[in-house]
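This report refers to the structure that appears directly beneath it.
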Amino acid sequence: MLSARRNLECGLLSPTAFRAAETSRRLQNLELSRCQDLEQSHSSGVNCLSLDPVEGRYLLSGGADGGLCVHDLFSEYDRVKRTSRVVCKLDRNEAHRFAVSTVQWYPCDTGLFTSSGMDSELRVWDANALKVAEVLRLGAKVYSHHLEEAQPTIVALGTGRPWVTLADLRTGIACQELRGHSGKVLAVRWSPSVAGLLATASQDNKVMLWDIRCARGALATLKGHSGAATSLAFLPDGLVLFSLGADNRLRAWDIARRRELHFFGAIVPNERPVQMAISSEVMLVPSGRRLLAMDFRDDGGISSLKGAHFGQANCVLLCPLTLEAYSGAMDRTILCWTANPDKERAMDDHQDGLPDAWSSDEET
């Protein structure tokens, strides 16, 4: 870090390059937060997470028991050691009858969020009233859904059927089907930079690219996995797509040239989809009970984060503003990871060094 800062001061390193290098360094050295805990709320595993895009304050989670929960990450923010409290909770009788597979806040408004699951339903929720605004019944298990930021009324859904369903939230009905896969569609992801460009991953080992504005079939079929393609994530600039498979590989694809760029090994194989987190420099991937940090600027450098869940890690989410990460697992917990462990240790030591204000009647 000091050498990079010295190069920045001497003009040998641009501010953009310094920021990228420092962000990468911090994310690869994430540690469990000593100062922030999240109140436990789920009675079974945590399958998915979503952070509200407006304030970065409300963390939405979906559980294997069909329940939904929202934590306020700013609660007790004035304390050195704080616990993020649950501000709303819906159990399986109010939310989904079976496991929740995906949750997502509406891209430009915290007044709505969506959830889908193994009960074959996509639900649109009024976040203020905590009531269902719309229910879309698909007739097959929903493994993944994603709202397009450019046109957030359109949602793509991957289900137990070998095609992708596009639905319009304004009407509450399916409006289009994308056919080309020969197995269950396990993951769907819209491009963050190109409107109408959709990536899908399937049990048939294939990743496919679609332009929903065109009436023809898929733009491209990306072949490389020798097992089911289970999870997807775009770089923020939309130029590179990452796919995780049951073949113990994470593959990077050049979207413009539609070819494989690189692959990462040493991932614990998982037949079910997991939620990955990505920034411009580093990707966080659940792998067994661990989280792996992958620096794809450094020829595939991989590090395992210190600390671990006691069960299979299912999802991880990264806050780009604070460089904090949140992970959920089968052990029913949501953990907070910090990129500033030295600062937290200093605050913790300062707190321990404060005089104890406690007194007893025996001392008076």
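Heads up, the Cβ atoms here are built off N, Cα and C, so glycines get one too.
Among the residue ranges 285-304, 345-364, the one that TrEMBL annotates as region 'Disordered' is 345-364.
Mapped onto DSSP classes, the repeat 'WD' (222-263) shows 0 helix, 24 strand, 18 coil. Across the range of the repeat 'WD' (178-213), the DSSP-based residue counts are 0 helix, 20 strand, 16 coil.
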